[in-house]
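*Asks:* A single structure is presented below for examination.
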Amino acid sequence: MADEEIKPTSSIEAGGGQNNEHEHGMTSLPNLPSTREETPRELSPVAGSSRAQSTGEQGVKPLKRFDTLPTRRSQLSPDTRRRGRTLTGQVPQDNDLSSRRQVFRRGTSVLSGESGDRMRSIPERGPVPPTTERESRPSGVSDRTQASGLRPRRSTTSRQRGPSIRRRPTVALEAVTSGADVGGGDNFTLAGPAPIETSAQNQPYVDPGYAHLNPAYVQPENVRPVWGLAKPLPRVVRPGMIPSRTEINMAQQQQQQQQQQPQNQADVDLEQGRIEPTLKLSRISTALQNARQQRENNLMEAHGLVSPTNLQTTASRQEPLTAPSQVIEEEDLADKPTNTDTTSPERPPTRPPLSFDGRPSQTSQNSQNEPFPALSDHDDQESVATEVAGPDDLDGEWIGQEIPLVAYDPNYDDEIHNLHTHWSVIRLRFREPLAELLAVTCQLTLGFCADLVVVTSGKNASPAGNEATTDWAWGLASMLGIYIAGGISGAHLNPAISIMLWIYRGFPLRKVPMYVLAQILGAFIAALISFGLYQTNIVEYGGTDLKTSDTMGAFITYPRYPWINASTSFFTEFVGTAILAVAVLALGDDMNAPPGAGMSAFILGLVITVLSMAFGYNTGAALNPSRDLGPRLALAALGYGKDLFTDVYWIWGNWCAPILGAIFGAFLYDAAIFAGGESPVNYPRKRIKRAGHKWRKKWGVRLRKMKPAKKGEDEAYRRWKESQ
């Protein structure tokens, strides 16, 4: 019996059905002879079990099923989920699993490549079940929304109701970084929306004719540099990064000597990080000089000032530079309107080649008749475009005029503006000071009012807040100020930050006085507004004599307690502002870990909050010279007395300490982390001296021009200008 093969037979012959369980290879008992008369009857429309069908054929009346009982489905029905082990599907071969496909939210396709039909399961045994109406129907949600007028749901994929035997892909796809699932599986993440989707959602509606009437709205981003706290700081070329003619001449002579005496491999691979571990700085000084000369020679070669044949000395110098600190590649020179050839927009054809001594050749000087791009004479530290060679400008050593490195003209020639009224012209001229004024006024008004609320409610049974309340108020107020003016003036809100950015990031020196004046004026206005709003509370709290009202601490900062000496007060402001400067430079460094769009202001608001909590107990944590001087002037005008300026703490405590602290904090960050060439920390020592000498000479010329001219000097100056 064990070796006998049992053939599957059907227990339903009259109905023409087949028992699929026997076809699946399931063993069955041999058919026993039935003593009852078999009466053929129609199959029940309900897909019942084979037992019910067999009993019906044998003449037994089937049991009546009540409506409360669940409908019994056959396990062989295509609508019944199979128990036990199931087949897993295979991903189509033409499925694109690349990261780009997944970033653009295109899920795994379940359609065949040729016909486009839905991929059916591969049967284990038996024929392929036909496609049911339930499977072919996409979803009932879209049908209802079309009829009812509701907005269709686009965030989730239409999912079938009930069981299904359609095969599922087994390849693990990358999780989509958004809650909106378009064609993929159920991917849940806490990382927020994808950048592409976020940028699309933040785009507002724009009428078709709006761009024609307001062309400034559609101009490219980063048309002008903005040294601010709302986004990464700009990368500019500063005078210390550009070689002089003498340095070019010496570099060419050294290159010829190095061709005859090749250097050690350790020196060649210096910038690749392969440095021999040694404490002898003299062994790498030559490599440092060669690496710097190579970068400068690449600059000269790019602008046609040096022949490329003189630059190929070693194998490493033939490799292109890829360091992010080389900001020459970041300057968009093609957008600068110049009289250049359209075939090579990166350099004008009229640039004279340099001879061996680093100066233009005589033939090139004679043939040089076409005008060069006009370079404005403004701040020495903004960019190389500020440097125009003069008669006393290092004896013609400066080559900045021959290298078009500027991408922004401070005379607003590269921008498109919407000038509709007369005020729009004035606003364009003073847009940065106006933005700084508005931001400081809003920031300090909120801060002063929060302090007044806590001070004047101190005698009440339930005071309205405490010191922690004011700390959070100052942090959120600073965040608001950065959001207001971050894209226009940069929202420095602090003279110490403006001076620090001038020294270490090339912020124009000519803009520093305007920024400081706007910040002091904004603090003055904010103090007047706050006093006007809480005047009755101040009188109720301290009386009509403002000198003894004990509300001065809500406006200005000073040592809060008698045991806090001068050194403690000074270094409290010094350390607090140094940490603030480190945070500003870290958030503005695009090579470090800059936050996302719009997050810099929020993070700096939190930084101000924690600084107020940490350093506010000793002195009130001014961290800002204008935040103290503006209210002092306002309180003196309101009648708080002239004793506000008798104590010199407001000079060395609120001005010297924050400015020196910001400079020191920026030095620490650049010495430890920053690698850009615009920082003086990364200048060679000779370049620092040369830049200082050049800066003193230029400002000496400007001061001499401000003096009344003597007789005969005006004509000589006019002739010199015409010769240029």
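Heads up, residue numbers simply count up from 1 along the chain you see.
Including glycine, each Cβ sits where the backbone N, Cα and C put it.
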*Asks:* Where does the N-linked glycosylation site label fall among ASN187, ASN565, going by Swiss-Prot?
*Replies:* ASN565
*Asks:* Look up the topology recorded in Swiss-Prot and say whether ASN418 and SER457 end up on a common side of the membrane.
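*Replies:* In Swiss-Prot, ASN418 is across the membrane from SER457.
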*Asks:* Quick check on the topological domain 'Extracellular' (535-567): DSSP residue counts for helix, strand, coil, in that order please.
*Replies:* 16 helix, 0 strand, 17 coil
*Asks:* Taking the Cβ of ASN565 (N-linked glycosylation site) as the centre, count every other Cβ atom within 10 Å, in any protein chain shown.
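*Replies:* For ASN565 (N-linked glycosylation site), the 10 Å Cβ neighbour count is 9.
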*Asks:* Where DSSP helix means H, G or I and strand means E or B, what are the helix, strand and coil counts for the topological domain 'Cytoplasmic' (589-595)?
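*Replies:* Taking each residue of the topological domain 'Cytoplasmic' (589-595) in turn, the totals are 0 helix, 0 strand, 7 coil.
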*Asks:* Do you know the mean pLDDT across the topological domain 'Cytoplasmic' (589-595)?
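*Replies:* It averages 87.
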*Asks:* Go through the chain and flag residues at least 6 beyond the ends of the topological domain 'Cytoplasmic' (589-595) whose CB is under 8 A from any CB in it; none is fine as an answer.
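*Replies:* Sequence-distant neighbours of the topological domain 'Cytoplasmic' (589-595): 231-233, 324-325, 603, 673-676.
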*Asks:* Does the transmembrane segment (648-668) reach the transmembrane segment (514-534) with at least 3 CB pairs under 8 A, where each pair is 6 or more residues apart?
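*Replies:* The answer is no, given that the two segments have fewer than 3 Cβ pairs within the 8 Å cut-off.
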*Asks:* Cβ pairs under 8 Å with the transmembrane segment (514-534): which stretch of 435-455, 568-588, 596-616 has the most?
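*Replies:* Between the candidates 435-455, 568-588, 596-616, the best contact partner of the transmembrane segment (514-534) is 435-455.
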*Asks:* Near the transmembrane segment (435-455), which residues from the same chain, at least 6 beyond its ends, have a CB less than 8 A from one of its CBs?
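*Replies:* Contacts of the transmembrane segment (435-455) (Cβ under 8 Å, skipping residues fewer than 6 from its ends): 463-467, 469-470, 473-474, 476-478, 480-482, 484-485, 488-489, 491-493, 515, 518-519, 521-523, 525-527, 529-530, 533-534, 537-538, 541, 550-551, 553-555, 626-627, 630-631.
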